[in-house]
Amino acid sequence: MDIIFGRNRKEQLEPVRAKVTGKIPAWLQGTLLRNGPGMHTVGESRYNHWFDGLALLHSFTIRNGEIYYRSKYLRSDTYNANIEANRIVVSEFGTMAYPDPCKNIFSKAFTYLSHTIPDFTDNCLINIMKCGEDFYATSETNYIRKINPQTLETLEKVDYRKYVAVNLATSHPHYDEAGNVLNMGTSIVEKGKTKYVIFKIPATVPEGKKQEKSPWKHTEVFCSIPSRSLLSPSYYHSFGVTENYVIFLEQPFRLDILKMATAYIRRMSWASCLAFHREEKTYIHIIDQRTRQPVQTKFYTDAMVVFHHVNAYEEDGCIVFDVIAYEDNSLYQLFYLANLNQDFKENSRLTSVPTLRRFAVPLHADKNAEVGSNLIKLASTTAMALKEEDGQVYCQPEFLYEGLELPRVNYAHNGKRYRYVFAAGVQWSPIPTKIIKYDILTKSSLKWREDDCWPAEPLFVPAPGAKDEDDGVILSAIVSTDPQKPPFLLILDAKSFTELARASVDVDMHMDLHGLFIADMDGDAKKQTASEEQRDRASDCHGAPPT
């Protein structure tokens, strides 16, 4: 498994042209920009966890039927310090770094003190965020790094704490139609309180303040939710939105702050301070975006671990939201590099399969409803919300599909009623072996798979002027366990899930996590190429079948 996980990847600093087979849609013009860990050893030192590796950006630039690939390590402060020292000197979540034994006792004491309230890494390896016209590599700490999406050059470092009091933040923000960014972060023991903070970053500098160049200074706190525990806040990787509401799951997968403060002295990683409490509840917080206040009714469900929200929408006085849920936290444990060995397929099995679950929450619960009655009357789901004696509402999900992760949707339908989920297919192993299109309406699915191939998160790109939700293409970067098979960018017709094209590159490509597509065409060009594509479809064997 070192072929995929443990081996350091080489940068491809200059663009290399891919070998394209099949036909790329004429309208598909832009750059697929991705992020993920690419270096796990520095000198003689080695990271403990795959998610700790140094960030390696890579991109596929698609233009006029040709595709060019390049990759470059994020030149974070963490990267530069490690490379200069030729060893890991900056701690990551699963790997604690310790001072050089040759340092004097005063230097060691200062290092211990700095880890009590840690200044986290800027190794931003998880996702790419768009903010206005700028792009940032992100992780889950308070630091993000601005990057050049064309050259992959690392630019300035941004500290969320200068604009909003958060120590941690998600790598899965949401965007409204104006391009404003909505995100969440955790404020740890700030002024004696631990809370979850929802904040908004404007896409542009507000009118009347154009003399200020950065929209960051106009970041505003949208809402704060007190943590149920001062010293054990919930871990969360994403959250959901509808047109009028925010959905946040306070799950019993919690970070022990006291253990975290002493982890360095105890020679333990920060990850060891994270624990799943299966005997506890998962609390469902609903925040009204118009009033910026939480809905007063208390909703909860059983203990679970959710990394990825899929989508959410409003229907007949209810909020319907879909998540990928686990029964425990075994996913994180399996990605320790000690487990990613030659026996990985046999020995590394999840103890729960990721499941697509649909929840329904009533916004206006009937106060006269009988205890134990189901408050959900929607015909579109079997999810239930049961009234309890104390006024709380227990939510039971509808189980839609087993074996999905890294879900994506047509973002034009984000926060709205939708039909299709595009995701990587996994079962008892956390490694994806297929790409899946799941139809929520018909409960049917389409799949793509190929021997020895591990696909990355499938990203949907809509066709210009698209009317159907699945009118577009799926892009996924594929790595192979077969050393003789080069990695490639796969392009699927999102309707039929047939292969349109692939672009193979003779490079040392890594398995990535998340990213986005940056279209680089204006409206007139899109219309023209869309018309050309419609003419071509009549004779194209890969054209979409009638719906």
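Each Cβ is built from the backbone N, Cα and C atoms, and glycine gets one as well.
Taken from TrEMBL, the feature Fe cation binding site applies to H172, H237, H308, H514. Among the features that TrEMBL reports, region 'Disordered' is placed at 524-547. If you look up TrEMBL, you'll see 524-540 marked as compositional bias 'Basic and acidic residues'.
Shown in sequence order, I126, N127, T170, S171, S238, F307, H309 are the same-chain residues outside H172, H237, H308, H514 whose Cβ sits within 8 Å of the Cβ centre of the Fe cation site. All protein chains shown were included, and the count of other CB atoms within 10 Å of the CB of H514 (Fe cation binding site) stands at 21. Between the binding-site residues H172, H237, H308, the minimum number of other C-beta atoms within 10 Å of a residue's C-beta occurs at H237.
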